[in-house]
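Colleague: I'd like to ask you about the structure that follows.
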Amino acid sequence: MAPSTREASKKEKAPDAAPPASEAEPGSKHKADPDSEGASESPKAKRNKTEIADSHSTKKETEETRRAGVEAEKTECQREEKDDRDKKSAVEPHGRDAPKAVPSSILEKGIIYFFIRGRVGIDEPSDVNEIARSYIILRPIERDAKLGSGPIGDAGNSRLCAIPKKVLPQSGKDRWIAFVEKTSASFQQLKDEFLASNDYETKTAGTRHSPAATPVAEGVYAITSTGSESHLAYILTVPEELGEVQTELGLKQKGSFIISTKNPQYPAPPNARLPKGPEYPEEVLKEFRSRRWMPTQPKHLDIVNTQFLLIGESSGVEKVLEPQKADEKENKEEPAEELEKLEEEDLQRLKGLSDDDSGRIFADLEVNANDYPKLQTTF
């Protein structure tokens, strides 16, 4: 008997129907429909989350590594810059012969610079009254060093000392109080904070102009001790001949001052008080004992706001550079010979720096002489 049309139709549709349980693929009833709501994440998606976390961790480590590398590179650059400065420096540490060591009376030696700054709005002072203040820059070198050729080099140990009286003391009757304005200064600091001119605003007078510092001399110096006193002795190398400005300021070809440090525990005179006193360590304060003044030591000048007294000496440098008996017995160099030798070395090295005096001074300080006033010898 032939199948009916309805039965034939069922047979044609049978292949599309779900297979019986006996023929179904093992585990197929546990498979999730990817299109159904609430389907769980696939293993691949879970791996992506882990990979993202790992990526963040790796990125953090890379950033830390990069920063560490930058710091290491910065440190290396600073070391190389210091090495370059040392190579460029004319200072030859331990250059003096050991048997003829530097005399014990020389506490410190180095290069000394004298500058002036005109009063507000006066770039070129025409007399001493138009000077706001005079300055001394001390650039120490090792006690047993000698000078070779080239610039002095920046050791970052310069001191800037201000002389409010403008002129230097000439005799024992002249007693000026000066103070240390900057210590451990680099040449860049001196350039930015001292040498350059400055325009600033005031509430009452508007814009005011503070002129650039003007060089007036360079030389060599020594801080010496004669037991009961300390002295600052110098010999000028620039200019070769004193001009009107140098004479008016009280500079000499060879000069010296008695130099004493003020005990900050006693008040300064009303016209010489600073807003803030020096912060001496306890050991220095103890050295003063009850004295108002004590012979200056180089370490005093390494503290900002140290006040020191300059007393003029009209007898020249010979007395303050007399050899000590102990040094004579040990056959050490005489203080006067040491300072004169340093002067000769300074003269020789300056010849190769520039054709003019101001160029030599600014070459020493590692700045462009064209940006600053020329060395002034006349008013």
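Backbone N, Cα and C atoms are what each Cβ position is placed from, and that goes for glycine too.
A TrEMBL annotation is a machine prediction, not a hand-curated record.
In case it's useful when we look at the structure, here is the feature table from TrEMBL:
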COMPBIAS  48-99  compositional bias 'Basic and acidic residues'
COMPBIAS  321-334  compositional bias 'Basic and acidic residues'
COMPBIAS  335-346  compositional bias 'Acidic residues'
COMPBIAS  347-359  compositional bias 'Basic and acidic residues'
REGION    1-102  region 'Disordered'
REGION    321-359  region 'Disordered'
Colleague: Across the compositional bias 'Basic and acidic residues' (347-359), what are the DSSP residue counts per state (helix, strand, coil)?
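Modeller: So the compositional bias 'Basic and acidic residues' (347-359) is made up of 8 helix, 0 strand, 5 coil.
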Colleague: Using DSSP, tally how many residues of the compositional bias 'Acidic residues' (335-346) sit in helix, strand and coil.
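Modeller: Helix/strand/coil tally for the compositional bias 'Acidic residues' (335-346): 12 helix, 0 strand, 0 coil.
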